[in-house]
Structure formats: C-alpha cells, structure tokens
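What Swiss-Prot records for C1-C15, C8-C20, C14-C25 is disulfide bond.
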Amino acid sequence: CIPAANPCRGNARCCGNYVCKNGRCLPRS
C-alpha cells in the first residue's frame, strides 16, 4: 500500500484509512 501523504494515481491503494485524492493519499473523511 502507499503511505499517507505520498503521491498516488487513480484508485491506488493507500495504507490505513486513506484514499487516493488529488494525486495524494489523504485521510478518508
């Protein structure tokens, strides 16, 4: 998975409760 605050693309899987938004792994609201 991609660590928080790291760059990501599309539906990349971010670690923990984070989602790929605006090219970054951000917290899911």
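Backbone N, Cα and C define each Cβ position, glycine as well.
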Checklist outcome for this item: By a three-class reduction of DSSP, C25 (disulfide bond) is assigned strand
Checklist outcome for this item: Neighbouring CB atoms within 10 angstroms of the CB of C15 (disulfide bond), all protein chains considered, total 11
